[in-house]
Amino acid sequence: MPTIASPLPLATTGPENGSSIYDYDYLDDVTVLVCSKDEVLSFGRVFLPVVYSLIFVLGLAGNLLLLVVLLHSVPQRRRMIELYLLNLAVSNLLFVVTMPFWAISVAWHWVFGSFLCKVVSTLYSINFYCGIFFITCMSLDKYLEIVHAQPLHRPKTRFRNLLLIVMVWITALAVSVPEMVFVKVHQTLDGVWHCYADFGGHATIWKLYLRFQMNLLGFLFPLLAMIFFYSRIGCVLVRLRPPGQGRALRMAAALVVVFFLLWFPYNLTLFLHSLLDLHVFGNCKISHRLDYMLQVTESLAFSHCCFTPVLYAFSSHSFRQYLKAVLSVVLRRHQAPGTAHAPPCSHSESSRVTAQEDVVSMNDLGERQADISLNKGEIGNN
């Protein structure tokens, strides 16, 4: 099962990385507390496969739709927000394709061999972090466009943003190194195979490190960045009072609130698990409760790949226009076979329609801010 510190090590497994941390048995040499976790394991074998299957189906459908719209309807020279969404969709797709492996592993055991153990664990970890990082990048992009009125299509600006995308993938790969190094298949005494990270005699230290890494890189730093970026965006919206100001403010608040609601319970549970391992507090009753909490909050956090892309995509007025164009083509093909090859509305038509409507999103406001900045510069030069 996809958990940082070896999910269900005695019955089911998952990556012991910095993204999800199950340690149901607490049987490390340095651990004093030893509790029976049969009830927790039984609950996980029923609850987690169902949740992972739902995440797989919903995440696959939503992100494939997002990917199709971005690849086929968005103009070839995409804005940075659309490139971030494109990378987010790819990352989420790679993440959700690992869910069936973990669902089978939790319900039964690992049956996919040593090679897929490493591949699936590494894919899980890399794209777990990439999803969070690209969400943060999108808030940075809106901040630069709206607050600093950064021109959208300057070569230097575009190059820096593309470099940021590359750095996101490299950073996610770097924090996933433990998956590549330590994860392997293990056979129990009764001949059952599991896939999880074996840290040897330093298991507790590694688990604490990976949990705190998740707390900082996967939650606290992105949350603080989003709060800062959207607070500044809100100040600009209040000062300029553009059309649709209220909707844009609500959208900015919703993006931060959704991120917090999805990720805070999970990260709090990971932090409490770390305190338990450090013997700050703990007994078997608390240990059991934390194990149940971890299964539920982890599932809530994983659902981000189903809902977040939709929320971000539909905050863009232009994306809604692209989606309408795709759906209209699909409906025409379904209703009238003779018009199956009728072309969708052109990019120029779509752009004109978008430009004629009121600005009601942060994305559109960012474009207007950049245009205003360029016009001021031209006037100053004259």
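Heads up, the Cβ atoms here are built off N, Cα and C, so glycines get one too.
The annotation topological domain 'Extracellular' is assigned in Swiss-Prot to 1-49 (among others).
Annotation comment: Swiss-Prot describes ASN17 as N-linked glycosylation site, evidence class sequence analysis.
Feature annotation from Swiss-Prot assigns transmembrane segment to 50-70 (among others); the stated evidence is sequence analysis.
What Swiss-Prot lists as topological domain 'Cytoplasmic' is 71-92 (among others).
The annotation transmembrane segment is assigned in Swiss-Prot to 93-113 (among others) on the grounds of sequence analysis.
Annotated topological domain 'Extracellular' per Swiss-Prot: 114-118 (among others), in sequence order. Distant neighbours of the topological domain 'Extracellular' (114-118): 101, 179-180, 183-185, 195; these residues of the same chain sit at least 6 beyond its ends, with a Cβ under 8 Å from one of its Cβ atoms.
A helical conformation is recorded for CYS117 (disulfide bond) in the three-state DSSP classification. Annotation comment: Swiss-Prot describes CYS117-CYS195 as disulfide bond.
Sequence annotations record features per position, and here Swiss-Prot assigns transmembrane segment to 119-140 (among others) based on sequence analysis. Same-chain residues lying 6+ beyond the ends of the transmembrane segment (119-140) with a Cβ under 8 Å from its Cβ atoms: 2, 14-15, 17-20, 81, 84-85, 87-88, 91-92, 94-95, 97-98, 101-102, 112, 164-165, 168-169, 171-173, 175-176, 178-180, 183, 195, 197, 217-219, 222, 225-226, 229-230, 255, 259, 263, 304-305, 308, 312.
Across the topological domain 'Cytoplasmic' (141-162), DSSP classifies residues as 14 helix, 0 strand, 8 coil. Per Swiss-Prot, the feature topological domain 'Cytoplasmic' maps to 141-162 (among others); the stated evidence is sequence analysis.
Feature annotation from Swiss-Prot assigns transmembrane segment to 163-183 (among others).
Annotated topological domain 'Extracellular' per Swiss-Prot: 184-217 (among others), in sequence order, evidence recorded as sequence analysis. On the 0 to 100 pLDDT scale, the topological domain 'Extracellular' (184-217) averages 91 in this prediction.
For 218-238 (among others), the entry in Swiss-Prot reads transmembrane segment, with the evidence type sequence analysis.
Summarising the annotation, Swiss-Prot assigns topological domain 'Cytoplasmic' to 239-250 (among others).
Residues 4, 21, 132, 135, 139, 211, 214-215, 218-220, 222-223, 226-227, 230, 233-234, 237, 290, 293-294, 296-298, 300-301, 303-304, 307-308, 311-312, 315, 361-362 of the same chain, all 6+ positions outside the transmembrane segment (251-271), place their C-beta atoms under 8 angstroms from a C-beta of that stretch. The transmembrane segment annotation in Swiss-Prot covers 251-271 (among others).
According to Swiss-Prot, the topological domain 'Extracellular' annotation covers 272-293 (among others).
Residues or ranges marked as transmembrane segment by Swiss-Prot: 294-314 (among others).
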Cβ-Cβ neighbours of CYS117 (disulfide bond) (radius 10 Å) = 24
Given the transmembrane segment (294-314), its same-chain partners at Cβ distance under 8 Å and 6+ residues beyond its ends are 2-3, 20-22, 40, 43-44, 47-48, 51-52, 55, 58-59, 62-63, 66, 69, 85, 88-89, 92, 95-96, 99, 131, 135, 138, 254-255, 258-259, 262-263, 265-266, 268-270, 273, 320, 323
All-chain count of other Cβ atoms within 10 Å of CYS195 (disulfide bond) | 30
